């Protein structure tokens, strides 16, 4: 830290504590925990992940007592994000859209957008390393936001992030339903009609089983991530080996390099440049997403300030590279007439690719394995959203907060938050009953809502909260970090706009419009109105559940003396 910038601190009369001395508090003022920003963020908690010696001490500086069990290793924190991304099942769900711009959009769009998504992950990793808490995004937003607007902005981000994560559960389990019914169609040689009602029925069944599975197996959630890593890696390796063999035997050979890397085909009425963005960026944006799930496991992770950044950056990097390889294998082996894949009679274009190269039995087997991995994705996603919902309820941000924030004292599991999150996903999933376009809004809502929640705290950190940001163990430095952060912000804003556009430019009606342009901004506006009209009296930002005595006991005398005796140096 340099001394070029200074903060002032507000001090109330309290007693300093030293090792071996009894603790005596002359005041219960929150100023024993806080510092004041000189750049507009106001009075905020003193948080220093570098000097904190334990997870509990750092969590106390953030403002909370330990209520959940820290049973996630670094590998398992990585596993929850890697599981949610679920490469092969996710690519299967978005393949049709990716190929609507030819192989160029699928292959090169994935590669280019992956670079920027990694930058987004790096900025999130810096935030998470500095302040690792389950509430993550809305907490950071409050911490760095300007005085007078903290609670309002934080509330919109908290609601938006919760709904986006619930929509992610919808889109994952909707993909599960598509894979299951695609297997049924293949098994019946096409003699099966897939309706919106059937899709919702399978989807709803998956969500309900996810709720039950997540609650009953709560003690095994960390181990579940290891199973998910193994399952996803196995199916990817099998796919990369078996599909080319089947293509060579049954189709006689592969598509050449010019087709794989240079086949452009615009299947929409958008101009080529915009169609490349729509078809090329959205598959990876949806697949390599929800890596904030690592953040929401912060209070269950061991050495969270290091484990969470590793989980975020590791999962993005591996899925970016592996996904690119998978896409290359797919376009090398698929029917060169891409229209046969995009407009297949099966619910998924991937089913057509598998059937053409491997035949009926292998197609059913792969769809079954992908559905299994997709189910694990749903369980992991429900775990993540339940922790976000629980954390937001802990700070009185959710409806029925007093009920939702309860934690089972024996098992340290927020069962009510799990059930509420599942129920919310079921309600949002009713969009599936309208039509496929409305169901696609689930994909876009999860993306737009998450990208806004990811973007806001970083923007505020770089502006009003720049002098209260103290980096954690992961930080790229005073020069490189801001540059990459600003690039990531621009990319995220672009993606939010991109998700609002329909698949076609002309002839938009109720069956072809992109409902995200209504649902996304509508959610943000309504949540702000709800806050101003009703929730303002209950939600005032993060609320500490520690007394001053408990805080002093957890953080120790060095932190108290740092707050009371010295100006806090900024970066």
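Glycine too: its Cβ is placed from the backbone N, Cα and C atoms.
Annotation source TrEMBL lists transmembrane segment at 75-95 (among others). Note on the transmembrane segment (75-95): residues 106, 168, 171-172, 175-176, 178-179, 222-226, 228-229, 232, 235-236, 239, 282-283, 286-291, 293-294, 297, 301, 307-308, 310-312, 314-316, 318-319, 322-323, 326-327, 330, 341, 348-351, 353, 370-371, 373-374, 376-377, 380-381, 383-384, 443 of its chain, located 6 or more positions outside it, place their CB under 8 angstroms from a CB of the stretch.
Counting only same-chain residues 6+ beyond the ends of the transmembrane segment (107-125), those with a CB under 8 A from a CB of the stretch are 98, 101, 260-261, 276-277, 279-281, 283-285, 288, 291-292, 295, 308-309, 312-313, 316-317, 320, 323-324, 327-328, 331, 454, 458, 474, 476, 484-485, 487-489, 491-492. Annotation comment: TrEMBL describes 107-125 (among others) as transmembrane segment.
Look at TrEMBL and you will find 199-222 (among others) tagged as transmembrane segment.
Here TrEMBL flags 229-247 (among others) as transmembrane segment.
Among residues of the same chain six or more beyond the transmembrane segment (307-332), those with a C-beta under 8 A of the stretch's C-beta atoms are 72-74, 77-82, 85, 87-88, 91, 95, 98-99, 103, 106-107, 110-111, 114, 117-118, 121-122, 124-126, 128-129, 132, 236, 239-240, 243-244, 247, 254-255, 259-260, 263, 284, 287-288, 291-292, 294-295, 297-298, 301, 350, 353, 472-474. If you look up TrEMBL, you'll see 307-332 (among others) marked as transmembrane segment.
Residues or ranges marked as transmembrane segment in TrEMBL: 362-385 (among others).
Annotation source TrEMBL lists transmembrane segment at 415-437 (among others).
Feature annotation from TrEMBL assigns transmembrane segment to 443-462 (among others).
The transmembrane segment annotation in TrEMBL covers 483-501 (among others). Here the transmembrane segment (483-501) has Cβ contacts under 8 Å with residues 116, 119-120, 122-123, 126, 274, 277-278, 281-282, 285, 444, 447-448, 451-452, 454-455, 458-459, 461-462, 476, 514, 516-517, 520 of the same chain, all six or more residues outside its ends.
The annotation transmembrane segment is assigned in TrEMBL to 513-533 (among others).
Sequence-distant neighbours of the transmembrane segment (415-437) (same chain, 6+ residues past either end, Cβ-Cβ under 8 Å): 162-163, 165-167, 169-170, 173-174, 196-197, 199-200, 203-204, 207-208, 210-211, 214-215, 218, 382-383, 385-387, 389-390, 393, 398, 400, 403-406, 408, 445, 502-503, 511-515. For the transmembrane segment (443-462), the residues of the chain that approach it from at least six positions outside its boundaries are 41, 94, 120, 123-124, 127, 137-138, 140-141, 143-146, 153, 157, 160-161, 163-165, 167-168, 170-171, 282, 285-286, 289-290, 292, 428, 469, 482, 485-486, 488-489, 492-493, 495-496, 499-500, 514-516, 519-520, 523-524, judged by C-beta separation under 8 angstroms.
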